[in-house]
Every structure is written in structure tokens, then in C-alpha cells.
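Pulled from Swiss-Prot, these are the features on record:
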BINDING   266, 310  Mg(2+) 1 binding site
BINDING   310, 312  Mg(2+) 2 binding site
DOMAIN    260-341  domain 'Toprim'
ZN_FING   38-62  zinc finger
């Protein structure tokens, strides 16, 4: 399927690559560009660069990148057409795509979209059933008594599933949706004896569950009558996977980046109340342990995570287990310890929003400080525990990435062992990896003073050892990229076969085709114009190559002369072979080389 180029251009112009990439990668400004951990491969040192000026991104580790379309294709594993549609929806530009024109893989994506559509459509009627029907009055009163205002209910899209086995089933069927697909989406259940379908959620308050893009992919149905289970969640489906979903991430992402911290709670009800109280960087898992997928996504946003679990034994055990794992994953871990037996919802209900935000602000501890405070009685009364936990806490502190945070932890933890911070520091067994990283490759790093060392410009590693001829080819191409007039003036000055670097030869050919369709060169359009990742990398590397703002007199002509020397050298080589053929008396070879020389001379005329 072909999409009108004007639509593609409009979407590209309205989509800022920095905003787009920032939804997936925590970026820091380094010079004119932004840099962060690559979302396409595992790495500890940032190698993913975004150029706001040029509207491109590139990883010089795994080499992936491009403009907004290529980034979306890679990050979502979708086709170009789907990427255009996705970004079009993002900037409110309509793109008409018929599902029948997709291949099988795209059809799968289309099924996923239909599942999301079903969830979002039924949400409107769940909300109506809660706020406008007699059957929903008891559920609405239950929410209001627990501090849910009309505005909060609307903001969160909370609804009510009537006590009917076919409300959702009939609603979707009347609108032409595939009932089997609704079952696969988790909205319906199935009787395995007669294969009849019925509503999964009945007589429950419905809380929509959204993915990172803010689309509804599941529900949590809460009882208000005391029936079990207390919460009934959507099952695992193609669009709803608990190990990948963090509740409220779509709303909290901007605050997480701004505050450089994420606060993890146990349940989504705690998140709603905490967010309402003013704590905007809060998320929760869906009743599961924090998964590797969760941690990978968190690391792209921030390296600082605060755990605020329930103030009971189970919450304490979960805090210790989760915090230890996060610390080993290279995150800075903090803990807010709620009063015994309380969760955030209960704390806010008892003391109010202001008291809660003040408590969160003032009661934050490092994970090491929290851990030692939990274990203090055992440390004080058991020598074996004293030795064991001294080693454990020393190791925990050694895992902290900031020397300032380490010193703070030493000061907090040392009194529990009746030693000085200096004595505790002596016990620390640092990891085998050196504390300071000295870059010896293209990935950049940090010097001995903690200062960041810029990696090489995007894609330039492959052009480290260029010959005099290749350097001329690179500079010549860079000038041709300035404007179309320069290209037209010099295009016929060189023979493409004279390029010794095949990458540069292909770029020369691409420029010819590109300028045939465009009046102005820009890298964002150029990388979209080609299909080869290798060629995209070459284009990006040339974009990063800096020349004088204006060429000096005859500069481009000098490059042309160097490039054309290859042609002259070829003639000299043919003359040498002709003389050798004459010396040995091979008439056929003499004739062949003479024809080659004549042809070469004609090319240069």
C-alpha cells in the first residue's frame, strides 16, 4: 500500500524525534545532541544519540536508528505503514489503511488494535452504567464514600459492569465485533462444555488498565459487595501482559523524567490516591513481582527508584526482596516505610493529602538504611547475624553508584553495628569492576574525575582509516549535500566508477535520485529514502562529518581532481599492460588494452 507523500511529510514535520524517543529512553544533553542507553540492545554505557537539529537518532553500538518512522518501526517491531499510522494518530493526522491490504503479520497487529478498540468502547458504557443508571448507584456510593469525586471517576475512566452474563457480549456483538476475538481479549469467558461465551466481569467496579501509550488493554474489577475475589483482573492476552505493564506509567512518565525518580507502590488503588494527593511519579505492578521487563523500562526513564509498599510483614518482605534485586541491577534504591499496618490509601484517608506528601518527602531512606533498621534487633543480639549482615550491608553499599550516596549510607548504617563510618568503609568489598571507567572503544565513558567523554560522532568508526582518495570522496559528497545547485554543478565532473569507497559510490548514486525528486537535502528525509541499514549508517556518518561553512576557492574542484586521479591511474596501468603485451608479442592482448585506453580517454573528454 502506498501512502501519499504529503501525508508522510506532514506527520514527520509534526513529530519531534526528541519527544518521541524520550518516551522510551532517558536522554541527557551532550553538546548539540542528546545521549542515552540504547532501547534496542543491552548496554551499560550510553551509545544512543539523538540529534534534535537533524531529527535523526542512531546507536553506534548496534547501528539501529533513523528518523521518526524508522525509530517507531524498530521500537514497536511494526511495518513502515503501521509506523506512519501510529505516528499519524499521535499527531492527529488521518491515515486511511485497509486491513485487507496487510500481510499476515500486520493482520495480527490489526487484531491487537481491535482488542484495544473493544476495551475502549466498553469503557464508555461501563462509565455510563456507573454514573447514569439505577443499577450502578450502589457502586457509585461505595466509591464516593471512599473519597472518589465525580471528577476523579471521570479522569480515571472508572465504570461499573452490570450483574449480567451478556451485557458486554451483546454490546460487542451488536457492533460487529468477533466474539472469539473478544474472548481472546479477556473481556469474555467461555463455557468449555458447550463453547458458549459470557461476560467475564459482572457486578464489579471497573478500573481500566492502560499501556505505556495510554490505550486501555485490560480491566481490574473490584467487588463492592464482599464477594471473592476482591479484585478480578483481565487474563494474560496479546495486549495485556502483567510482566510488561506498570499501572499509571502513561500519566506518570513526564513526572518521572522531571523528578528523575519513580515511586513503586503495591496496588493501583494506592496509585490513584497518591496521584490525587500530589505524588505524580507513582506506578504499580499488577499484583506481580517486578519483572526484568519492568526494570528494563524503568532504567530508560530513571536510575532512582523508591519503594513504598504496605506497612505490614508481607510488605516488608517484598521491599527487602525487590530492593535487593534492583540494587544488583544498578539502580539507586530508596524506601519509604509506612506506619505499621497501613497502605498509602489508608494513610491519606486518616491524615490527609498534605500530611501524606510531607511524610513521603521527609521519610525516605536508602535501601541499606531501611534494611539495617529492619534487622537491627537480630544484629544487636546475635553475633553470627552481626557478622553476616555486616558483610551483606557492606556489599549493598558497594553496589551504590554514587560516592555521595555511599557516604550517606555509611553514616546511616554504621551506628547499627557500633562502628564508625570509616571502619564500615574498610569492610566494603568493592566489585571487581574498576570504580572508574576509562573508554578504550567507540562507546564513550567517564574520566577519572567523573566527567563524560564524548563517543565518536555517529557512525564515524567505520571511516577511521581513510586514504587520501577516500577523504576527498567524503568531502566532495558533503559539499553535494549542501544544496541542489552545488550537486547539479558538479555531478558530471566525476565518474562514479572512480570512487574507491563503495559506500561513497552508493551515496553518490542516491544523491542523484534524491535530488531528482527533492529540491533540498535533509538527513531525516534521506534516511527514509533508502532501504539499506548500511547505507543509512553511511548517510548519518557523512552528516556528522564537519566541513568549513563555506568552501574555499576551488576547494570542490580540488576534490574532483583527486577523485579523477583514479581514472588517470587506471589509464597508466593499462598503458603499462599494453607495453608488456607488446614486449611478449601478444597481438590479441595489445588490441584489448588499446581499446580499453581509447574508451577511458573518451570518458574523460
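For all residues, glycine too, the Cβ spot is worked out from N, Cα and C.
Owing to the predicted nature of the structure, the values given are computational and were not obtained by experimental measurement.
For residue 312 (Mg(2+) 2 binding site), the count of additional Cβ atoms within 10 Å of its Cβ stands at 14 [all protein chains shown]. Looking just at the zinc finger (38-62), the mean pLDDT is 86. Here the Cα atom of residue 312 (Mg(2+) 2 binding site) is found 12 Å from that of residue 266 (Mg(2+) 1 binding site). Remark: residue 266 (Mg(2+) 1 binding site) has 284, 309, 310, 315, 318, 343 as non-local neighbours, by Cβ distance under 8 Å and separation of at least 6 in sequence.
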